[in-house]
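Student: Here you go, one structure.
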Amino acid sequence: MKVIVIYGSPNDKPFMEPAREYFAQEGVPYEETVLSAHRDLPELIKFLGDLEASGEKAVILAVAGLSAALPGVVVMSCSLPVIGVPVPGGPLNGIDALLAIAQCPGGVPCTTVGLHKKTPVNAAMAAHRILKLAGL
Ligand SMILES: Nc1c(C(=O)O)ncn1[C@@H]1O[C@H](COP(=O)(O)O)[C@@H](O)[C@H]1O
């Protein structure tokens, strides 16, 4: 049972440092990987298929900026709960990513958090609560 953080780019990692600190403080197991839906789609689908086949209970944080397809694609490629985390930056400063995640179409149940500097910890806390429901 753990949190899996999937980043659209290695450049998104610094924004999530407070989430990593939260996981360390609270003893929440987590792993991280970089797999973009736009750039690494076959590898992302395989990663999620293998995860699903393993039967691991996990909450996924899908972290992406700009045109954030990643969270919705992750939702539709596995049956685990997904929290999309928009990353500030670019000419629209993350509004594009926030709207892309929050406005997933019907049947794509991606949850999300806001854009300010505390939102990585909010995402981490939400994931932790879900894992607690499953007995962590
Ligand atoms: N939104 C996505 C996806 C995706 O949604 O699949 N893949 C990369 N990205 C985002 O592109 C931004 C720029 O990435 P680079 O800095 O690597 O060019 C990052 O914030 C990433 O999350």
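Placed from the backbone N, Cα and C atoms, the Cβ positions cover glycine too.
Keep in mind that TrEMBL annotations are predicted by a computer and have not been checked by a curator.
What you are looking at is a predicted structure, and each value in this text was computed from that prediction instead of being measured.
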Student: Please state which member of R39, R129 TrEMBL lists alongside S9, D12 for binding substrate.
Tutor: R39
Student: Near the substrate site, what residues other than S9, D12, R39 in the same chain have a C-beta no further than 8 Å from the centroid of the listed C-beta atoms?
Tutor: Y7, G8, P10, N11, V34, S36, A64, G65
Student: Relative to the Cβ position of D12 (substrate binding site), how many further Cβ atoms are located within 10 Å?
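Tutor: Result for D12 (substrate binding site): 22 neighbouring Cβ atoms inside 10 Å.
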Student: Given that the record lists S9, D12, R39 as binding substrate, what is the largest C-alpha to C-alpha distance among them, in Å?
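Tutor: Answer in Å: the longest Cα-Cα distance is 15.
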Student: For the domain 'PurE' (1-136), DSSP counts of helix, strand and coil?
Tutor: 62 helix, 25 strand, 49 coil
